[in-house]
Amino acid sequence: MPLTMTITNSLMYIIPILIAVAFLTLMERKMLGYMQLRKGPNITGPYGLLQPIADGLKLFTKEPIRPLNTSPILLILSPMLALTTALLIWTPIPMPHALTNLNLGLLSTLAISSMAVNSTLWAGWAPNSKYALIGSLRAVAQTISYEVTLGIILLSTLMLTGGFTMQLLTTTQKHTWLLTTSWPLAMMWFISTLAETNRAPFDLTEGESELVSGFNVEYAGGPFALFFLAEYTNIISMNLLTCILFINPGPTQHPELFLTNLIIKTMILSMSFLWIRASYPRFRYDQLMHLLWKQFLPLTMALCLLHTSLSISISGIPPLS
């Protein structure tokens, strides 16, 4: 019985995420369409609402083509690992109750997201294609680089909250959002999440003129769909993490209001991701690295030191009464 309940809970957690990912792709195509003065998908079902289901059926019923001289085990494992790590990130996130309430929830989220680098590297190396390998090396360098700033920003917010659990972040933001007190961190966090999820204007892994389609160029059908699902799952989870860190709804009496509030804010942030894609051109690779190592990293380290010293100095001030 406990095993059945565990499996049921996990499925009840995973299935809504995958449905949300499917309709995020539809929202992206609709938004890009309207921003380019066209309709977007409007044939399959009423207003094109069945388009994600049709796309999924088409991809999973196609024959997965395996080129010669490939590493078959890694070719199959890498898309599976990508989606697994993307879904594992959700386990410590409170909505309002987490699937597993971890003491080091934020650190575990960062550790799981850094594991996704392995799937990207395997996906580029397994097909034995130079274009896929160059694309994966770019993606790995970009992901590892921006994880540094994400880690330091997380450390800075932990200095303000005083703990590693996500429930503590909710309690801290009962009266005011952390966005109001640490908006430079929030700004750098948002830009770093764009780079971490390989979204425009940092989608250098998909420079069509250079690398055809990046590290997943040799994938088709089901394995490609798994990579696609993993990418959009990461987008939603990163935006959800942004909400919890900086614009948390706070502990309310009604859990359903907490979840509704969180979903609305996550949707707004996801729409801003799509808006940025429609508005800005792609960065050059040197500009991408310059932004991180020369601008974001010194700033985040300085703010981390400030937050650490501020909390220590304030705790040393004697009470007024």
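Glycine too: its Cβ is placed from the backbone N, Cα and C atoms.
Keep in mind that what you see is a predicted model, and the values were worked out from it rather than measured.
Among the features that Swiss-Prot reports, transmembrane segment is placed at 7-27 (among others), with the record citing sequence analysis.
Beyond the transmembrane segment (73-93), the same-chain residues lying 6 or more positions past its ends with a Cβ under 8 Å from any Cβ of the stretch are 13-14, 17, 66, 99-102, 105-106, 108-109, 112-113, 115-116, 118-120, 122-123, 125-127, 166, 219, 222-224, 226-227, 229-231, 233-234, 237, 240-241, 244. As annotated by Swiss-Prot, transmembrane segment applies to 73-93 (among others), with the evidence given as sequence analysis.
Only residues 6 or more beyond the boundaries of the transmembrane segment (104-124), in the same chain, are considered here, and those with a CB under 8 A from a CB of the stretch are 74, 77-79, 81-82, 85-86, 88-89, 92-93, 98, 132-137, 139-140, 143-144, 147, 150-151, 154, 158, 164-166, 196, 215-216, 219, 227, 230, 234, 241. According to Swiss-Prot, the feature transmembrane segment maps to 104-124 (among others), an assignment based on sequence analysis.
Here Swiss-Prot flags 148-168 (among others) as transmembrane segment.
Taken from Swiss-Prot, the feature transmembrane segment applies to 175-195 (among others), supported by sequence analysis. Remote same-chain residues near the transmembrane segment (175-195) are listed as 142, 145-146, 149-150, 153, 156-157, 160, 169, 201-202, 238-239, 241-242, 245-248, 250, 269, 273, 276, 288, 291-292, 296, 299-300, 303, 307 (criterion: CB distance under 8 Å, separation of at least six residues from the stretch ends).
Annotated transmembrane segment per Swiss-Prot: 227-247 (among others), in sequence order. Sequence-distant neighbours of the transmembrane segment (227-247) (same chain, 6+ residues past either end, Cβ-Cβ under 8 Å): 17-18, 20-21, 24-25, 59, 79, 82-83, 85-87, 89-90, 93-94, 109, 113, 116, 119, 123, 154, 157, 166, 169-170, 173, 177-179, 182, 185-186, 189-190, 193, 196-199, 216, 219, 262, 265-266, 269-270, 273.
Swiss-Prot lists 256-276 (among others) with the feature transmembrane segment, giving sequence analysis as the kind of evidence.
Here Swiss-Prot flags 297-317 (among others) as transmembrane segment, drawing on sequence analysis. For the transmembrane segment (297-317), same-chain residues at least 6 beyond its ends with a Cβ under 8 Å from one of its own Cβ atoms are 148-149, 152-153, 155-156, 159-160, 162, 182, 184-185, 188.
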Using a Cβ-Cβ cut-off of under 8 Å, list the residues of the same chain that are 6+ residues beyond the ends of the transmembrane segment (148-168) and lie near it. 92-94, 98, 101-107, 110, 178, 181-182, 185, 188-189, 192-193, 196, 244-246, 292, 296-297, 300-301, 303-304, 307-308, 311
Same chain only, please: residues at least 6 beyond the ends of the transmembrane segment (256-276) with a C-beta under 8 Å from a C-beta of the stretch. Say none if there are none. 24, 27-28, 31-32, 35, 95-96, 190, 194, 197, 199-201, 235-236, 239-240, 242-244, 247, 249
